[in-house]
Amino acid sequence: MLPVFIVASMAILGVSTVMAVFTNSLIIAVNIIDKIQGKSLSPSDLIMVTLCIFNILFQLIMLVNDYISFLETDLYFTDEVYVIFTVMLILPVYSSFWFTLCLSVNYYLQIIIFSHPLLIRLKIGVSQLVPQLLIASVFIAMATGVPAVWNFYRDPPGLNMSSNMTIEISVPKLNIIYLLPSNLISCSLPLVVVGITNGLIIKSLVTHTHKSKSNAKGDFSARADARVRAARTISCLLILYLSFYISEILMFIDAFPPNSPGFCTCLMVIYSYSPAQSIVLIFGSPKLKQVSLSLLHCSNTANKEKSKTPKVLFIKLRI
């Protein structure tokens, strides 16, 4: 019989995968329908669709990876299987970080009003180069992720992992010589840029709010509303990004023993990253938010109709 911790982890991962596939697929479907109807996708929509595709890929790979590690430990820790799954997980994660950077920079350039000619030209040019930037993001993720194949090593069997557990098999690990530069390029660098753009958007929002208060009308323009939504969306994505990044580092360095509260917290953060990110994107877009609320309304209406049906039949039978 499997331990309670493993059963609970498998159940939570299964639920988070269903949620991730549904919410990310919703974003993709709404934008594809708009495209079929002849509507042009904005650069933000294109970035979100690409990000959601990689989120689904990451969640499904993680599901298979963790299930095999829970159920077939000996098979999972063979060189071939472990290396393949590790690299397959690294690629969508690194790509997701770069896509988040593209989204935050695009929000900043589209919302902020520039007066300098060079910045105006950059603002126009970036919107047209979004497909190329997305492809470049994937190539950077591959350039920093694929070399992991040649940078694994094994600890000698019998080393203590914690105070009450000894390794019976040697576990493959990533070499720090590879891990440090790859994380700096594809994790830390996007994180810093996302944080900077988020700060600049918030600064612009605060400045505009101050000007609106000093104005007799105190109007709140559509551009200001877009700043609020962008700042809220990027802030939430930044918090998720940072939480995921810290959790991955803590798991990699074995900061917590298995089954400990800290280990479980890190695992839950990693499992919930993809669905949480898609929910943030949905509520940050008026179009996606409206579709989601309509689906919830239709679902509630259908449930109410089903609950009323037995009562109607009961009344008819009595008559």
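From the backbone N, Cα and C atoms, a Cβ is placed for every residue, glycine too.
Per TrEMBL, these features apply:
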{"type": "DOMAIN", "residues": "23-253", "note": "domain 'G-protein coupled receptors family 1 profile'"}
{"type": "TRANSMEM", "residues": "6-33", "note": "transmembrane segment"}
{"type": "TRANSMEM", "residues": "45-64", "note": "transmembrane segment"}
{"type": "TRANSMEM", "residues": "84-109", "note": "transmembrane segment"}
{"type": "TRANSMEM", "residues": "129-153", "note": "transmembrane segment"}
{"type": "TRANSMEM", "residues": "176-202", "note": "transmembrane segment"}
{"type": "TRANSMEM", "residues": "233-253", "note": "transmembrane segment"}
{"type": "TRANSMEM", "residues": "259-283", "note": "transmembrane segment"}
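It is 6-33 that, among the stretches 6-33, 45-64, 84-109, forms the most Cβ pairs under 8 Å with the transmembrane segment (259-283). In this chain, the transmembrane segment (84-109) lies apart from the transmembrane segment (6-33): fewer than three C-beta pairs between them fall below 8 angstroms, excluding pairs fewer than 6 positions apart.
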